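Q: What follows is a structure written as structure tokens; I'll ask about it next.
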């Protein structure tokens, strides 16, 4: 008799994806972030569902409903803070996952990589809309500033912004539609993630060496199920430490003030995970130029496979490229810091230099390093 997990139509899919899947024997902890992103997504959908049961998407009651969740709903405070800080964990895992892909050359799996970029953009859009929902000062002004960027698009810009707002300013219509989109998008993300996984399983996982591991595979279960479970436990531990000891560490105090269209906060800034892109946007004095730079700072990921010049896939044995990779990481941290600072000297200059460096590293220096390394190895 055939094992049910190999014969049942549904179980067969699960079996081929999570149990009998042939996996490289040498993938490190950097390969844990894919499953951790899955854990984050499930956690966000569950906590979000319970929050949606008590939340009202009306400008007059949205702020009060969030306060009500924290004060009157049983364990509402923990659900709210798990959801808010869960987003931060989500982005930490996302950036680590993308960084791993860049370092080890996983972007040569073109379909998987491009679906991943689409996922990244969708998650960013979802997080942005979620930040608007509590209807605090930073929610309102963040929504106003970011949606207003679209008005830089020639000819159709103003109409586009008013169409997104559903009126002449960020108001009730905007909040309602943002809530609707914020609710539906995680399920769309889950569906796209399935496609991401489907394309990955067409080729099999990459590994730290960047060399094909077809000659030597091990089953996913029990080796990587155990490893992923440990990763998930550590992730939940980190999240709960944040939620229970410093729930507001990554938030903005301005969001505890109800939204007021007549009073602008002194420093409008997004959540920490968008600060690098916000710094790039602010570093260009021209509105349209800033918007294009902002868009390109994320969309540049699509070009990465085209910019790969090395004859080796991974950076594991490429010290020159490694130096540039970690310079890029430092540059992104610098941009994140600058994005949270006021627009004044010396921050503006540092931001402009870091922005130039960001594009220079990806578009010029890293491809050049790949070519130089080929020459050094006489390839």
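Each residue, glycine too, has its Cβ placed from N, Cα and C.
Feature list, courtesy of Swiss-Prot:
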type: BINDING; residues: 83, 182; note: heme b b562 binding site
type: BINDING; residues: 97, 196; note: heme b b566 binding site
type: BINDING; residues: 201; note: ubiquinone binding site
type: TRANSMEM; residues: 33-53; note: transmembrane segment
type: TRANSMEM; residues: 77-98; note: transmembrane segment
type: TRANSMEM; residues: 113-133; note: transmembrane segment
type: TRANSMEM; residues: 178-198; note: transmembrane segment
type: TRANSMEM; residues: 226-246; note: transmembrane segment
type: TRANSMEM; residues: 288-308; note: transmembrane segment
type: TRANSMEM; residues: 320-340; note: transmembrane segment
type: TRANSMEM; residues: 347-367; note: transmembrane segment
Q: Express the distance between the Cα positions of residue 83 (heme b b562 binding site) and residue 196 (heme b b566 binding site) as a whole number of Å.
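A: Spelling it out, the Cα of residue 83 (heme b b562 binding site) and the Cα of residue 196 (heme b b566 binding site) are 24 Å apart.
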Q: Have a look at the binding-site residues (83, 97, 182, 196, 201) and report the one with the fewest Cβ neighbours inside 10 Å.
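A: Per-residue Cβ counts within 10 Å for the binding-site residues 83, 97, 182, 196, 201 bottom out at 201.
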Q: How big is the gap, in Å, between the Cα of residue 201 (ubiquinone binding site) and that of residue 97 (heme b b566 binding site), rounded to a whole number?
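A: Per the Cα atoms, residue 201 (ubiquinone binding site) and residue 97 (heme b b566 binding site) stand 17 Å apart.
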Q: With the transmembrane segment (226-246) as the reference, which stretch in 77-98, 113-133, 178-198, 320-340, 347-367 has the largest tally of C-beta pairs below 8 Å?
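A: Between the candidates 77-98, 113-133, 178-198, 320-340, 347-367, the best contact partner of the transmembrane segment (226-246) is 77-98.
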Q: Hey, which bits of the same chain come close to the transmembrane segment (113-133), Cβ under 8 Å, at least six residues off its ends?
A: 55, 57, 62, 66, 87, 90-91, 94, 97-98, 101, 106-107, 139-140, 142-143, 146, 170, 174-175, 178-179, 181-182, 185-186, 188-189, 192-193, 195-196, 199, 270-271, 273-274, 298-299, 301-302, 304-305
Q: Between the Cα atoms of residue 182 (heme b b562 binding site) and residue 196 (heme b b566 binding site), what distance do you get, rounded to the nearest Å?
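A: With distance taken Cα to Cα, residue 196 (heme b b566 binding site) is 21 Å from residue 182 (heme b b562 binding site).
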Q: Can you tell me which recorded stretch out of 178-198, 288-308, 347-367 has the most Cβ pairs within less than 8 Å of the transmembrane segment (320-340)?
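A: Of the candidates 178-198, 288-308, 347-367, 347-367 scores highest.
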Q: Same chain, outside the transmembrane segment (178-198) by at least 6, Cβ under 8 Å from its Cβ: which residues?
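A: Sequence-remote neighbours of the transmembrane segment (178-198) are 17, 37-38, 41, 44-45, 48, 52, 55, 57, 112, 115-116, 118-119, 122-123, 125-126, 129-130, 132-133, 143.
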Q: If H, G and I count as helix, E and B as strand, and all else as coil, what does DSSP give for residue 182 (heme b b562 binding site)?
A: helix
